[in-house]
């Protein structure tokens, strides 16, 4: 209507054109409702509107961070280096200093060190930047926004997109910023600036008034006030809101789901790997490693702590176990009057008590003996967890043993019954009960051997076990449970630590908006991931050395194979865990969810991969599927290397390598699919 009465001169070539832009996040959250606007070259376009009207979403679509559901965005240049973008939030790493931020973004855009220093001095004089050594995290809100604006201007872009750059700044500094923006437009730059300060927008060449996802009107400020007969832009905006054209536009123009067409992003979407950007990301990682020493100490200290506590707490047989004794043939205190080491006398002819001999053998195995006089009291002690087991000797235990030896198969039934040792054990802890049963059996065998050692007819040979046990082919006859669990512990550590580090580092950058800004500056996900991988692989190598030294040098866990093969296997495991960390970072939006996923994965691996129990002992279904679980075959390979000395040509060893490489490729493929389909921060621009 009123616009038709004004006949402006034909505009110069448009730098940015948006036509019929629609964007919704779900059926009820429609953000852009047919937005159309034109930003002329070498002008300042002020996008005016209240918070939540869609200004930031529109800018994200222009810079390629978000795709439109329908509509077209045309840019005069589709080269991302020609765009300078200042997001509404800070989106700068809080652990970097002002100087480091400048070097990071300057390197991304290919500036030399001298050029970066020169640009910093220029913006320092212009915007009164904080001291270059100050951390971003320690700056005030106004100082942070000044640094953010300077970073957007650092590479002298031809198109500037600034999302509320003057919010929270004092009027004098805001005035300096607007003067500088005016100078830039006169030098051939195009600027889009959003604001909710209505009168501030009068300094723009063109003002677009936005409300509820639509452009109510756009024109030069003077034309808008003249058109609507108002003395201020505030009155113009109020009148446009009263007209309430949004309802008409929403009903008539909003495409139905079947009409929604996916549009290409306005910027080049096929950027290739570039060394300068990769070098910038490596520079940033180096800054962060130096600054965040706590994380460095944690990553290098955790493997040491885990392996030390494992060797101090796991796998050694318990000592000083309490067991109860009911000895009806002699008082336990009287057993001290007899010496039972290696008798030269046969117990068939001498007054030697078999019960005392067995108790002596149990003492040698560090058992603590508690004397009881009736079974009921002893069983109550077991239930109260005061003792683990109970032994009962009949009143004529030793005499019955003598009769059985002398009479053989002609022994009477009551004699046989009296010669048996009665045994009860608390079976709630299976490992403890098996250990006690084993020690009681071995102690009884040793005691009986000493009792009959000097008897006629070599009775010790007659009553010995009918088996000859040779030295173990692999390992030791005296090996402990720790030797079995150690390879699994090493593999779990090497997989889990890189997983957690990668997940949390990548999510930190995502949730702080850092990746949004970096990707908008031209960085690719490949460059970010590769730079992180190099740092992480360095950590992995150091962690592997720490674990191997503590586990196999400081402690007596067996390692008889090739150190090189074992070390290489651990590196492959760590890299696979790192890639899985990318999967978790891409598939979760919060540390909470990613942490649960990581911990859940860790527990699953511990149960299914043969870490604490042989895979052969699993149930039928798990038994034949756990070989496909990550690190199952790797643990078997490391056991073969460390305990059996197998080389890479052994099937179990090279299958450990092959399985980890396959899982690394699987995780990489999953992360690639997630990256391609991810909407928002991780989406490639």
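The first residue you see is number 1, and the count goes up from there.
Even glycines carry a Cβ here, placed using N, Cα and C.
The transmembrane segment annotation in TrEMBL falls on one of the ranges 460-481, 592-613, namely 592-613.
Within the set 484-507, 628-651, the record from TrEMBL flags 484-507 under the feature transmembrane segment. Of the candidate ranges 436-459, 652-675, TrEMBL annotates residues 652-675 with the feature transmembrane segment. Of the Cβ pairs linking the transmembrane segment (484-507) with the transmembrane segment (652-675) and spaced 6 or more residues apart, fewer than 3 are under 8 Å, so the two regions do not touch.
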